[in-house]
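Quick notes on the structure that follows.
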2 protein chains.
Amino acid sequence: MVDKNFQRCLLSIFGAVIVTVFVVFNFPNPLSERAELLQCATNSAWCTSKNRILRHPTDAVLRHDHTSDVPHHPLDPLTIQEMNKVQKVIESFFNKSAYAVHSLVLEEPDKEVVLKWRKGDEPPPRIASVIARAAGKNYILTVDVESGAVAEQDTSHISGYPLVTMEDMESTIRAPLASAQFNRTIVERGVDPNDVACLPFSPGWFGKAEDGRRLVKLECFTIKDTINFYMRPIEGIIVITDLDTKEIIEIVDKGKHIPIPKGTGSDYRLAADNSAIIKLPNPISMEQPNGPNFVIEDNHLVKWANWEFHLKADPRAGVIISGAKIQDPVTGVVRNVMYKGFTSELFVPYMDPEEAWYFKTYMDAGEYGFGLQSLSLDPLNDCPRNAKYMDAVFAAADGKPYVRPNIICIFERYAGDAAWRHTEPAVVIGQEVREARPKVSLVARFVATLANYDYIVDWEFHADGLIHAKVSLTGMVIVKGTSYVNTNQVNDSEDMYGTLLSDNIVGVVHDHFINFYLDMDIDGTDNSFVNVHLQREYTKNNAPRRSYMKVNKTVAKTEKEAQIKLKLYDPSEFHVINPNKQTKVGNSVGYKLVPSGGTAASMLDPEDMPQKRAAFTNNQIWVTRYNKSEQWSGGLFAYQSHGDDTLQVWSDRDRAIENTDIVLWYTLGFHHVPCQEDFPIMPTVSSGFDMKPVNFFERNPILRIAPYVEKDLPICKATASA
Amino acid sequence: MVDKNFQRCLLSIFGAVIVTVFVVFNFPNPLSERAELLQCATNSAWCTSKNRILRHPTDAVLRHDHTSDVPHHPLDPLTIQEMNKVQKVIESFFNKSAYAVHSLVLEEPDKEVVLKWRKGDEPPPRIASVIARAAGKNYILTVDVESGAVAEQDTSHISGYPLVTMEDMESTIRAPLASAQFNRTIVERGVDPNDVACLPFSPGWFGKAEDGRRLVKLECFTIKDTINFYMRPIEGIIVITDLDTKEIIEIVDKGKHIPIPKGTGSDYRLAADNSAIIKLPNPISMEQPNGPNFVIEDNHLVKWANWEFHLKADPRAGVIISGAKIQDPVTGVVRNVMYKGFTSELFVPYMDPEEAWYFKTYMDAGEYGFGLQSLSLDPLNDCPRNAKYMDAVFAAADGKPYVRPNIICIFERYAGDAAWRHTEPAVVIGQEVREARPKVSLVARFVATLANYDYIVDWEFHADGLIHAKVSLTGMVIVKGTSYVNTNQVNDSEDMYGTLLSDNIVGVVHDHFINFYLDMDIDGTDNSFVNVHLQREYTKNNAPRRSYMKVNKTVAKTEKEAQIKLKLYDPSEFHVINPNKQTKVGNSVGYKLVPSGGTAASMLDPEDMPQKRAAFTNNQIWVTRYNKSEQWSGGLFAYQSHGDDTLQVWSDRDRAIENTDIVLWYTLGFHHVPCQEDFPIMPTVSSGFDMKPVNFFERNPILRIAPYVEKDLPICKATASA
């Protein structure tokens, strides 16, 4: 459900512009300094729109002057000052010749350094990790922020390209209009070239055609009569363009006979049709008049109830959770649970083999940057009223920093559910017991908009130790133009590769896979992965009961033993344990992975190129030996990658994974056969998984939480307008 | 996770007593009338405790004088006056000799009568359905409420017994103490007979031993030193008792060497250890100062947003949702979605073949009554502050009605999530768009406490047409005594059949299956079931892309074609469509079943007796031809049933199900390998499924819902105590 190409284009412009926005609206500094950082003048449309957003009353929450940010924690992202230093080093490294920065982030210190660090310690040396291109070559550099020393890593053995920059997208989005052939085609289709908008889609890699040059495939739409131009594709036209030279390589046009859908009823804005607004008369709200129960120390360290974790935006992953620890209610000790967790890669293959569609097999994080594709959240509708917000500082293609405000929200949730409960009539114990406890959790939310699609990623922390990761899909289904306006026009033998959603609009069948990197460190780095297999066992001696389900635990010795496909009829639980630490009664402490829906598996042939490139979807669960460089399950250079640097490749090395530092990987999957309800904008669909303590605590860790009593709850009255 | 036997015992007393409670606290009537209905004097402990509960401020919501209830809707449950009439008819039918009423509920009118009925019409004749036992025989009677006419149905061909009554349980719970052998055994184990409490467990049916008589297997606990006696089993003692004669048939004692766990730290009450209470300092609450957006017309008809449905308590099913209809936002027409939905049966097999455990294979709804096992909800902790409550009127074994107050809650939920959202940078369309909508839903909740286990059943209605059914498990895991206090004492070859949870306590492995009856009537009664199969397809002619996923729809012709096991690697969507009605573009209108977690399948041998009795777990999805009498998937008489009246048997008739009135059945499954966090009370675990519109609407039905704006939201302040 993600067409990143379009998003790329939009955000390429956005990327260049947001720097400006940042300066103009975020800094209480002199104007001269602002002007140096951001070029608002050249991007006034953006500045204006961002200006509007920033006026929203709750946008100011957590806002502060990022120019004076200093790192407090070894994992804090690079600050504006640090990025500016690094930018000068890069400029000088490339000797003032043309270059583009594709990524500029903190090179996280080695794990042992981070684990040893304590608040108040001297921070470890700050190193920047830079991915850049210059003169047609990929560069991986590390820059010592203080000394400016640069180290270069050999990239010649790695296929593919780094994620496209906003500037890449911006520079190609208008390229087709420079072609007379393209303009002719468009006019023949009855579209005014002034109404054309093209979106840059990643081409994948299928061999020769994509070899040796960085390509983009542009697909075009008309923006006439609706803001929801996604519903008005100029079907069948693909403009293949070289991202480095900007040269148009080929214009494919297979859609001459296909009318452009009219886009009727596709505008989803409130303002589009005020007469038809449906509103529940009595508002319902999550209220917390005393403020939240969490604090965010030093901009990134979130502390709530028994949890603490480091939270930051990342241009590629969206958000990164680090050092998630929970306090043991019995001993008071703060215990390690997860060293690092993030969405490592996505895979969104469309199921249409035709020429304008077959290559649509996106890997959003590695091709476009899941974090780069975010926009500020709507403070009352993306997140509840009690949320606090966090900004991102990202680098533009010139290496200079910009701020993207409010792309993460953090809030406590109470949804009316019980954390535990029991009622006991008085019969046995002489008194009736009715004990129930409210379930309150903490959510860290991030939303990426990949052109048409919106991905909402929630990390939810529960006081009972459970971490729930959830991905919700909404936004627009990318559609295909068709000549049909009714299914009765379709020949039985014809495959539309999707559902007729509206006149001349087909929602093409596709999948979404989201792969999570979960570096679990249960009470320390040395952990094991245990397959807790549930198998049918037969009783003996003509017992009345013939069969039962028996638990059989197997510790995975090597990576291949931990390549797991979920099996409903041959089930297992999947535990990460610390074999060196037991509870009082002798169980190894651990956490288990619990899928909850979203278990769709990839249906592509394993040897199909898109599948090889996204081979992390070959299994649902993987466990690898910790290797700092193995973070991006679709490969470091995912764009046009050949599938030679994937989780499958690493895992096939079959390294020992018993009682050592291991990383768990889990892939959430959705099959999406579109339906008319997805038009023109799709109601949210969610799935997720839990990381759940299993013999981690000696007993229920929330046994002693307090129930709600009336006198503690807020006193609320309706506002005048309600 | 459900041991109903215990619950039965507790509730048997409760059942008799609640009548009293009802009279004393619910009726603003003269005392004389109350005294006639309820015997509070003989059950003072109960009255006292209920009295306390009923004082809670929100308990009064929806409370009214049930003595004057009259039926308004054809599906309204029998009123107190109607039950009293029927009770007199039954008494007279059995000619004043001994009888026990096991069920007394409304015999719902035929579907066509209900569908034709309109508000204001004369209500159809009221008929009571009565299941009773007298002189060792099962009776199925229908009683015309007005005329008193009785019709008797032949029951000789049906194996098993009706669910046990509260009085059955009450009368057997103390039976063991009358046995000298039992008392000797108990004393030998170091337990004072005054501290012994036994719980009546259903014996299942394994052949000869359970043949021809209604049995119960009592297991005993000590109630000394903790209210959580479940954690103090007197392991290995099973007292087999005849429920009709009260005769003790056998005392099995295989646990002499097993110490009784001390129960240390097992008291979960707030009052148990006030010093250790953990409380988040700042309360968070779901607030709705203007009141709810739903109304409950005539006590049972819930209307909220675009939904309406009939809601009632049922002694066997817990709650029944009927006539769920949604208003089409385009046409304004109120459209049928689901004629009836409820939890039809449960299956909870424990995975321990030893003598005191092998028979523990409960079918809670049919053996004990899922509804009968409910207690009043905690108004601030079981449900949010903005909830409204609904009572149940059930019949005691003498046929007389009693009220169980507040066992259902209804509330609107806003959990901080978006119903849909999209952001669009200004690049293409010249203006930034940021549109998001809050997700507000309506929840109808019911909680059954089956002895140790608590099942929370939620029916959640979303404005986008989705119905989410969810079951949450909490309460206590039933445990087994053991001599071990550390896993290092356990021989490698020994199977404990569970996890050592605490000193001398094993949490035995078990499953939970909850089977839902879903009579979908999509825009009418004649529907079809479509398997929307997703299969790998190969491209031709050396195309760059080798494979894709193709949709292949098959309409199930007969019941056997709709016996479905979910397959992760051979996936399908499952649609119920109306083949006679299409959308404007020609798609058949429909709903799809979407499992979301909880897909565990039964691991027992299909020929094992417990599995045959609970054969509804052989598949996850079934579709049967509508037959009014086929409602209880484990059989009408589930207690000691032989498996000859199950969903499997009905479905194997292989009736035609295309374009006719059909019923969809779905089974939610949980494997539960207990862990220490489950001791002494288990944090809630949830799973569910969606019924989701698929081409039911022409487009997204919540396209035009309003976003939240600050001025509409309530103004709240903290209370003094917070």
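Glycine is no exception: its Cβ is also placed from the backbone N, Cα and C atoms.
What TrEMBL records for A:ASP364 is active site, proton acceptor. Marked as active site, schiff-base intermediate with substrate by TrEMBL: A:TYR453. Per TrEMBL, the feature domain 'Copper amine oxidase N2-terminal' maps to A:73-154. As annotated by TrEMBL, domain 'Copper amine oxidase N3-terminal' applies to A:162-261. Among the features that TrEMBL reports, domain 'Copper amine oxidase catalytic' is placed at A:285-702. Summarising the annotation, TrEMBL assigns 2',4',5'-topaquinone to A:TYR453. Residues annotated as transmembrane segment in TrEMBL: A:9-27.
Across the fold, the C-alpha of A:TYR453 (active site, schiff-base intermediate with substrate) and the C-alpha of the residue listed as 'active site, proton acceptor' stand 11 Å from each other. With DSSP classes pooled into helix, strand and coil, the tally for the domain 'Copper amine oxidase N3-terminal' (A:162-261) is 30 helix, 30 strand, 40 coil. Around the Cβ of the residue listed as 'active site, schiff-base intermediate with substrate', the number of neighbouring Cβ atoms within 10 Å comes to 29. Over the domain 'Copper amine oxidase catalytic' (A:285-702), the average per-residue pLDDT in this prediction is 96. With DSSP states grouped into helix (H, G, I), strand (E, B) and coil, the domain 'Copper amine oxidase N2-terminal' (A:73-154) comes out at 20 helix, 27 strand, 35 coil. The Cβ neighbour count for the residue listed as 'active site, proton acceptor', using a 10 Å radius over every protein chain in view, is 33.
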